[in-house]
Amino acid sequence: MLRCVCYLNSNEKHPSYWNNKGKQALHKALDMKPNVRRAKNTILFLGDGMGIPTVTAARILKGQMNGGNGEEFSLAMDTFPHLALSKTYNVDQQMPDSAGTATAYLCGVKANYGTLGLSASALRYNCNSTFGNEVESVLHRAKMAGKSVGIVSTARVQHASPGAAYSHTANRGWYADSDMNTADITAGCRDIAYQLVHNTDINVILGGGRKYMFSKETPDPEYPSYKGVRNDKIDLTAVWLNNKQNAKYVWNKDEFDQVNPEKTDYLMGLFEPSDCRYELERDHTLDPSLTEMVDKAIKILRRNPKGYYLFVEDEGRIDHGHHGSGAKFALTEAVEFDNAIERAAELTSELDTLSVVTADHSHVFSFGGHSNRGNPVLGLSRNLAEDKKSFTTTLYGNGPGYKLVNGSRADVNTTEADHKDYKQQSAVPLDSETHGSEDVAIFAKGPMAHLFHGVQEQSYIAHVMAYAACIEPYTDCFIPDLEPEPDHTGATNPSLIVLLMGLIPALLSIISV
C-alpha cells in the first residue's frame, strides 16, 4: 500500500538549490545542438490514452515506487529534449477514437472516427468506400525501403492503434471474418487479422489477439475451453510462417524466452486470445512484459544493416484502465510503458535512432485536490469535501465510478482507494469513461527530433518520421547518413561571426572619424 512519503529535501528550502538547478538546465539547453543526421532507425512509442495528466501522475507514481516523494522524479520520456503538442481530433469527430488517430500519426493523413488506413473520403461501415481511399503507413513505407519493421502491443495486434500500420478497413471492429457480413467479404473487403499477414511483410509481431488467427474449431492452447473465431478455417499463423526463413511463432513466455534474436528474422508472439493482461495482473511465468517484448524486438530488428521501424504501444491497458475508471490499472501500465522506453534507450543510440513518444488521445482523467508533497497519487485529499466526506486526488469527469449511497456521494477511505479494483469517482454516470478532446504531448530525441515543435496536427508525426528516415514521400530529403565531425582546430563559432558582423558598422564609424 502506498502511504505518504513526505521526505522533504532540506536543500529545497534554499534559493541556491533552485538557482543551481535552473542554471544546469539552462547550460544544457544552450549546449543543445540539433541532430541533422539521417535516422537509420525510427521508433514510435504510443501510450494509448496517455494524456498529460496521466504522464504527470505516472511520474509521481514511479517516483514513489522508487522510494521518493514522486513529484521531483523524471520519467524516461521526460528526458527527451524536444517537445510539441498534438491536436487529436478526427475529421468528423471532436472527441477522437484510436482508429482515426492511428491513421493520422502512422499514415500522415487525418481520418474519420472508426476507420483504419483510409482517408476521410471513406465512410465507417461502408466497405465500398475503402477502394481508392487507402493511405500507407510509415511502417509500410519503411519496409518498402528495405528496412525491418515491427509491432509490439499490450492489446490484440489487430486493435485500432497497431491496425493502422498495415490495414485498410472501414470498420475497426472487423477483427476477423466472423465480424463481417457476407456482402462486405464478397465485395472484397478483408478482416484486419487477414490483412496483418497479407498486406505488409512485418518482421516482428508481439502482443495479444490469438483468437482472430484461428478457426472456430481450433481450441486455444492456454484456455482449451476457448476457441478461435474465424469462419474461413484458415490458420493465419501458418500462412504467416509460410515461405519465411528463420521465422518463429510463440504463444507463451517460455517459448518467447527461447527465441534467439541473433538467429531470428521473423517472430510472431501472441500471448492472449484477446488483449494482454494488465501489468497488475500479468502472469510473469506465461506472458512477457512490454519491456521484455521491446527488448526482443529491437534485438531482432537491429540486425538489418538498413535499419528498422518499430511501433510500440501500451494500448491498452492505459486506455482500458481509464475507460473502467480504474486509475491504478492505467497508471501502473503507464509506468511499465516508461520502463520499456527506458530499456529501448539502453539498446539504441541517439546518433542514428529517432525515438518519439506520444498518445493518440487523452481521457477525462484528472488529479489534484488538497494534497501534501509526497501524497500518494491514488490516495486521498487531506481535506474533506463540502459534503464532509473524503475524496481521492484522482477523479474522472464521467464513467462507471459514479456512485450514490442513500442518495448522496459515496465516502471513501484509504484502504478502498488503494485497492486495484477501486473505481475512482466520476461526475457523470456512464458505463465506460470517455476519451478527452484536448491536445496530447509529443516527446522526441535523435535525428531530426528538433522538427517536433509548437502545436501541430497529429498527422505531422508521420511526416517527421518519414522525412528523418528519407523514405516515401521524402526520398529526396538530402539528409546525410552521418554528419561529419567538426574540425575544432579551424572551426569558427557562428555566434562569434554574428557578433563581429554587428561590430563592423561601429568600427567603420570610428575609422571614418
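Even glycines carry a Cβ here, placed using N, Cα and C.
Unlike curated entries, TrEMBL annotations are predicted automatically.
Site annotation for Mg(2+) in TrEMBL covers Asp48, His159, Ser161, and the matching candidate from Glu313, Glu333, Glu336 is Glu313. Note on proximity: among Ser98, His159, Ser161, Glu313, the recorded positions of the record, the Cα nearest His361 (Zn(2+) binding site) is that of Ser98. Other than the site residues Asp48, Asp319, His323, Asp360, His361, His435, same-chain residues with C-beta atoms no more than 8 angstroms from the centre of those residues' C-beta atoms, the Zn(2+) site, are Gly49, Asp97, Ser98, Ile318, His322, Ala359, Ser362, His363. Annotated pair Ser98 (active site, phosphoserine intermediate) and His435 (Zn(2+) binding site), C-alpha to C-alpha distance, rounded: 10 Å.
A 10 Å radius around the C-alpha of Glu313 (Mg(2+) binding site) takes in these binding-site residues out of Asp48, Asp319, His323, His435, in sequence order: Asp48. In this structure, Asp360 (Zn(2+) binding site) belongs to neither helix nor strand by DSSP; it is coil. Contacts of Asp360 (Zn(2+) binding site) defined by a Cβ separation under 8 A and a same-chain sequence distance of 6+ are given as Leu46, Asp48, Gly49, Thr88, Pro96, Ser98, Thr101, Ala102, Tyr105, Ser161, Val440, Gln458, in order along the sequence.
A gap of 12 Å separates the Cα atoms of Asp319 (Zn(2+) binding site) and His159 (Mg(2+) binding site). Classification of His159 (Mg(2+) binding site) by DSSP places it in coil, neither helical nor stranded.
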